[in-house]
Amino acid sequence: MKQELEAIRDRARRELEEAKGQQVLENLRIKYLGKKGELTSILKQMGGLSADERPKIGQLANEIRSFIEEDLVKRATEIKEEEMQKRLEKEKIDVTLPGTRRELGAKHPLSIELDAIKEIFVGMGFEIVEGPEVEYDYYNFEALNIPKDHPARDTQDTFYINDKILLRTQTSPVQVRVMEKQKPPIRIISPGRVYRSDAVDATHSPVFHQIEGLVVDKGITFADLKGTLETFVKRMYGEDSVVRFRPHHFPFTEPSAEVDVQCFNCHGEGCRLCKGEGWIEILGCGMVHPKVLSNCGIDPEVYSGFALGMGLERVVMRKYNIDDLRLFYENDVRFLKQF
Amino acid sequence: MNLSMRWLKEFVTLDEMPIRDFTEAMTMSGSKVEGWEVEGSEIENVIAGKVLSLDKHPDSDHLWITQIAVGSGEPVQIVTGAQNLKVGDVVPVAMNNSSLPGGKKIKKGKLRGVESNGMLCSLGELELTKHDFPYAIEDGIFVLQEDCQLGQPICEALGFNDTKVEFEITSNRPDCFSVIGLAREAAATFDKPLNLHKPVVKAGNGSCKELLDVKVEDTDLCPIYSARVVKNVRVKPSPRWMRERLRAMGVRPINNIVDITNYVMLEYGQPMHSFDIRFIDEGKIRVRRAKDGESITTLDGVERKLTSKNLVIADARKPIAIAGVMGGEYSGIMDDTTAIVFESACFNGASVRTTARDQGMRTDASSRYEKGLDPNNCLPALERACELVELLDAGDVLDDVILDNHSSSERRRIRLDVDWINRFLDLNLNADQMKAILTKLDCEFDGDDILVPTFRPDLEHKADIAEEIARFYGYNKIPGTSLSGGAQGKYSPRQKFNRVINDTMLALGASEIMTYSFISPKYYDKIRMPADSPLRKSLIISNPLGEDSSIMRTTALPSMLEVLSRNYNNRNADACLFELASEYIPTTEDELPTEKTNLIAGMYGNQADYFTAKGMAEQLLERLSVYDYEIEASSEEASFHPGRCAVLRIDGYRLGVIGEIHPKVAENYGIDERIYCFTLDVDLLFQYAKTEKTYVPLPKFPAVTRDLALICDDSIPVLTLEKAIVRGAGNLLENIKLFDVYKGEQIEAGKKSVAFSIVLRSLNDTLTEDRVSGIIKKTIKELEKVGANLRS
């Protein structure tokens, strides 16, 4: 019996080594260790052994059983590993094939920059206020110190609906509306569409966007205007931007200024981008004219303030080197998807 | 406004400084320089030379071989085609390797085999005209009559040594539209004295009072009118110095009288006019509003109808000039003119502006008057003109000035509020420092009062004074400070809401567009808007750029279709776009329209279909937590496919529409593809969106899923079945998912098979089989009521 047991062990080892696949392994387990398996049937014959031999053979049989069991586990692990290897090999793909894509919408470049500008002002404590695009002449002009027949009306060729109603040429009327309703302190920006009767070309559009800002409080100074705008320019164009304030004229501010930033391209030397001036004009601003404050029911002896305004399209054109304003309103997807 | 630096230096002594330093400093004190140009800077190596000999070219019947003396060295041989030369003429010679205006380079070469070492120049080749050198001819070589040396650079010989500086003058500073005005700014900027000269007229040729009678009838529009008479006018070209200055300022020289009026306008900023006295009927000048029905033919030969809004200069019978705008055709200076009237007057700016605009002719004079001129400048300008007449020997000035003056020469007073200005600007200057700046600008003082010069009507308020102080103190020397006070920046709930819509649409794959708010009324036809639709009533722009942009849109659909069409025509295979678009709904005549925000989305290509559009709308609504809307098929939307369109409603309000664009509309836009659009009323969305959210605990008990395969009439919308399921399954219903709709084999004609997965869950316990089958039974009953039966 001993030889038979050892023969079973050797055969089992051999067959296990050759076994391929989980199913073969399971068959071998049944063949050797199952209820009707070879080892079991041999053990059934143990009754015919002497009392002397029985424990020895019994021990040997147990050893062989655990031996086969160990081999089975070992082989099972090996086979699993082999099968995994095979599967992995089979599943190899060309990882350079293009990825599956979901369509992503593109934000309009004007929106992208407008949001960036809003973000900067919100960070400086400004609220965002919007107002009607179709506006009363009063809010667009008269309240802003531009009476009828004022020459400044010439530079803002206006679309009229009737004598009293027009398409706003600036977003300043929003500021007037805020000043009428709200007592200082006021710290707002008013972004939005404005209209001027300019024929469409590469640099003109009858519809464009402006962002205007207004601060009114006790003790607001020209230095506050400068400090606020310097901060804005640095956030917008980088901390190393060089800014200058140049006297200018707007009917609704006094003193008025235009703000230039040193040309990013030539750093003041003069180049094509800045038309040889070394500076690029980016916005207009000034201390709110006392007449405008009193028009809005705010006492200019008590309060003062500043206002600023800039054109969004120009900011965006400069930022992305866009040379034709019409692209913004043509909305060709090949344009939109670039930003 | 162009400025001749040479002219400027007559009034203010500027040390030699690079032109860039000058322009920079002027810009920073408020007179913005747009650019500058050194005269003749493009001309190089062109000199004065003398024709020594002229010989016919052996192989040409029109070319000449010339030998030109150019001062030092050997004469130069040049071949020319000009026929106006004779030996001894002094001409501009472009030598070998020279440059001419416009970047033209001249090099030696051979003309029909004969060597030519340069070129002889015409006026045009030096960018000059006959007006600059009236003795020269235009088609031929410019034969110089100037006092020059051979070999002298031509720029020197022709007096090209001026620099023109172009200024942007703001509308509040009409005084700076003049050499003297800019000289005053320059003097203040560089802290130099301003040397003005008081014109002196000798006259002494008898009084003009017999000849001329002036009366201003409408003094509201003409505060001052002054005139002088010049007899024995000798019309001829003006001297070179005057022509050079005019040229540098961009004004064409004509003849001495015209040039004098232009010269005075440029120097003083005061427009002048001259009339031939023969054409002033009865020698009477009346400044009055035109009578309705009157007309005048102006200098440009156009007959213009006048109204009582137009101020005119009239004689005893008829208008002879439109005041401040343009003279009549007979009022100009002619060859046989012998006596003229010089007019120097001030007209109401608003009136001139209206007239110039209504008559469609803005002139140099009108653009100055519009901004408001100083009445006290009229007489000095008139005197200057007469002084120049005498200087140029252009005629004999008669005695006396005819004057009708209703203006005041009193200076406006503004109190110098030193403390306020210091606080306003965040400066610390004393009264003397401020006064020093203001004195440079011709302000005078009476105690604490500033007496503002009359040419500065823009100085009205202490804020205006603050600006003058700031300009000359230096804007950039004032520090920058941060705003104090803790203001909180924020977006309004509506602004945040719009941003969520934008971001969600982007995430859903739509790209944002921006379109014009105005459209053509024809676009309503293009989208098949019914003739009686209230949306056809739009705000009309009274002065549109063109019909295409003449009304404010009441719907953004045409704008979207326009953009889709443009993309389609640009051969973009697909497009999926959206806009948060404003729409303008008129109210009453005197009131502003309602500006609505509508979300509009549109798409074609990329396998888009009705359900792509609907899915996008549904997901957006879900993101915004807008749930209680109703959707129903509609064949009434004229812009949409009658069988593929649904209207969304919430609380009875129309929330929007989803559908395929009607093929006829697509055709109108030239799109040969199916287009899908949806719109959602953002104002309504905002009203019904749930912005506050609360946490719902995750379910602790398992869900049970049952599939139901149903048969019903093909005409029954799936929504009807879903509603029946909702009624039947009650509050344990967690989800319904449609997973199959089938028509065809094994299904009776006119019927369809619809299969749903129904998910039931209780939040409190595990659902028992009994309860589930009870619910399913009830559900099937509800389904049967609407005509759907379990598929056997």
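Using N, Cα and C of the backbone, Cβ positions are placed for all residues, glycine too.
Keep in mind that TrEMBL annotations are predicted by a computer and have not been checked by a curator.
Database features (TrEMBL):
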- B:40-155: domain 'TRNA-binding' (DOMAIN)
- B:409-480: domain 'B5' (DOMAIN)
- B:Asp458, B:Asp464, B:Glu467, B:Glu468: Mg(2+) binding site (BINDING)
- B:699-791: domain 'FDX-ACB' (DOMAIN)
**Request:** For the binding-site residues B:Asp458, B:Asp464, B:Glu467, B:Glu468, work out the Cβ neighbour count at 10 Å and name the residue with the minimum.
**Result:** B:Asp464
**Fill in**
Across the domain 'B5' (B:409-480), the model's average pLDDT, rounded to a whole number, is 94
**Prompt:** Per DSSP, how many helix, strand and coil residues does the domain 'TRNA-binding' (B:40-155) have?
**Reply:** 5 helix, 48 strand, 63 coil
**Complete:** Taking DSSP helix as H, G and I and strand as E and B, the domain 'FDX-ACB' (B:699-791) has 32 helix, 32 strand, 29 coil
